[in-house]
Structure formats: structure tokens, C-alpha cells
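Engineer: Here's the feature list from Swiss-Prot:
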type	residues	note
BINDING	His186, Cys221, Cys225	Cu cation A1 binding site
BINDING	Cys221, Glu223, Cys225, His229	Cu cation A2 binding site
BINDING	Glu223	Mg(2+) binding site
TOPO_DOM	1-39	topological domain 'Mitochondrial intermembrane'
TOPO_DOM	62-76	topological domain 'Mitochondrial matrix'
TOPO_DOM	105-260	topological domain 'Mitochondrial intermembrane'
TRANSMEM	40-61	transmembrane segment
TRANSMEM	77-104	transmembrane segment
Amino acid sequence: MKFEWLFLTIAPCDAAEPWQLGFQDAATPMMQGIIDLHHDIFFFLILILVFVSRILVRALWHFHYKKNPIPQRIVHGTTIEILRTIFPSIIPMFIAIPSFALLYSMDEVVVDPAITIKAIGHQWYRTYEYSDYNSSDEQSLTFDSYTIPEDDLELGQSRLLEVDNRVVVPAKTHLRIIVTPADVPHSWAVPSLGVKCDAVPGRLNQISISVQREGVYYGQCSEICGTNHAFTPIVVEAVPSKDYGSRVFNQLIPQTTGEA
């Protein structure tokens, strides 16, 4: 039990956990930037909370009706007017600069990605297409990803988060994910990767990611898409670059060949 607790404290958190309050561990620079921005804004939030609380407590203490039935009237205070104008203007500036920097960096698209993957949302499963790989009949490598029913889960697998076919990607490689639906609006969201891209009918949205460490990352559809909206999870498995080719060709290609 002791070793299990130690493992849970040092192991990355890449899936939703019961009673979870914080973020999942970052696996991309984008998610790390989101976490850092949250901490920076939270610092200013604490400052404002302490300052406003002090003013309220001081006002309640010094202007109690029993001690001072006639409150002191301050007609004008130049210093107070200047301070309460300058500081509320400076704080949003310190928040806006890193916010816009992160926002624009999230919209940047890699010009020449190493791999392009197309994620197509359905009711209620997903189809993934590796556009860089073609089979013998010149068709792109394509496979479907369905939720594993609760009765078929193996020991250690997460309920409503595991799929039969994972998205296998190489770690520390620039990837482009193209997201689109086949029917109604969907969304492709993986918290550990800092990714949430809406799938809008008739449009192709794209995002660029670079997974910095090996692991298995879980996500879900973040757009209400119908009755089984909660049963369309996303599982991304990042493997070392040297193992990526064998994983794709040994696991995915036989599946597509069998379906054909």
C-alpha cells in the first residue's frame, strides 16, 4: 500500500480522477502555458482579495455605530483617487499581456508538421485518418474508435474513458490535428494536451500540438452531440519516435485490412 501511494503521488495525472480540483499534468507547452497563466492570475486574485477584505474589516471596526455613531465624512482625497485609478488599470495590463501572448501562440499553426491526423466526429464514435500513410489501394490509413463497454473493461482501465483503438502519436514531434464532424457538431478535447477544438459541420478546424512525454492521455467530447454524448471518449497514446512506426503498421494497418 505504501508503494502504491508513492506511485500515485509521483505519477503524472493524465485522466480525470474522483474529487479532482486541479489541472491534469501538462504534456504540451500549450497546457503548461495555461497552467502558468492560471497561477499568475490567481496571484493577483489573492492580492485583490486581501486588499478588499482589509478595507471591509477596517471599515467595520472603525465605523461601528456604538463607537462612532456619526461616521467621519471624507469629502476629497487626492492620493486615494490617484491610487484607486492607477492600480486597477495596472493589474489588468499584467493579466492581459501574458493572456494575449498565450492566446496567439495557441492559434499558431506549424507550417510543415511531421504528421497530420484527421479526427472525424460521429454519433457516437470517432474516425481517425492518418493522411500521411496509404495502403496498397492508395487509401489513407483509417480506423474507427469506439468506447469500450463497461462489461468489457479490463483491470486498470477507466470507465467511460477507454476506447478500442487509440490514437497513436510520436512524442516530441510536431503534429497537426484536423477536426471535423460527419453529422452534428462535436468537439475534440484532451485536457493534458491543452487542446479543445470544436468540430463544426462543413468546416475543417486544425490545431498543432507537440506531446513532450510518453503516456496515455484521455479526453472527451466537449460539445453536446446527442443522447450518447458522454460515451465518446478520446484516448491519445504518445510513444517514443523509434517505436511509432512499428506501432502504427503492426496495430492499425491489420485492423483496416481486416475491415476491408
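Quick reminder: no glycine exception, Cβ is built from N, Cα and C everywhere.
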Engineer: Using Cβ atoms and a strict cutoff of less than 8 Å, what residues sit near the transmembrane segment (40-61) while being 6 or more residues removed from its termini?
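Structural biologist: That would be 91, 94-95, 98.
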Engineer: Return only the integer: C-alpha distance in Å from His229 (Cu cation A2 binding site) to Cys221 (Cu cation A1 binding site).
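Structural biologist: On Cα coordinates alone, these residues lie 7 Å apart.
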Engineer: Beyond the listed site residues His186, Cys221, Cys225, identify every same-chain residue whose Cβ lies within 8 Å of the center of their Cβ atoms for the Cu cation A1 site.
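Structural biologist: Going along the sequence, the neighbours appear as Gly121, Gln123, Trp124, Pro181, Val184, Pro185, Ser187, Ala199, Ser222, Glu223, Ile224, Gly226, His229, Thr232.
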Engineer: What's the most sparsely packed of the binding-site residues His186, His229, counting other C-beta atoms within 10 A?
Structural biologist: His229
Engineer: Within 8 Å of the centroid of the Cβ atoms of Cys221, Glu223, Cys225, His229, which other residues of that chain place their own Cβ, given that this set defines the recorded Cu cation A2 site?
Structural biologist: Gly121, Trp124, Val184, Pro185, His186, Ser187, Ser222, Ile224, Gly226, Thr232
Engineer: Does anything in the same chain, at least 6 positions from Cys221 (Cu cation A1 binding site), have a Cβ under 8 Å from its Cβ, and if so what?
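Structural biologist: Non-local contacts for Cys221 (Cu cation A1 binding site): Gly121, His186, Ser187, Trp188, Ala189, His229, Thr232, Pro233, Ile234.
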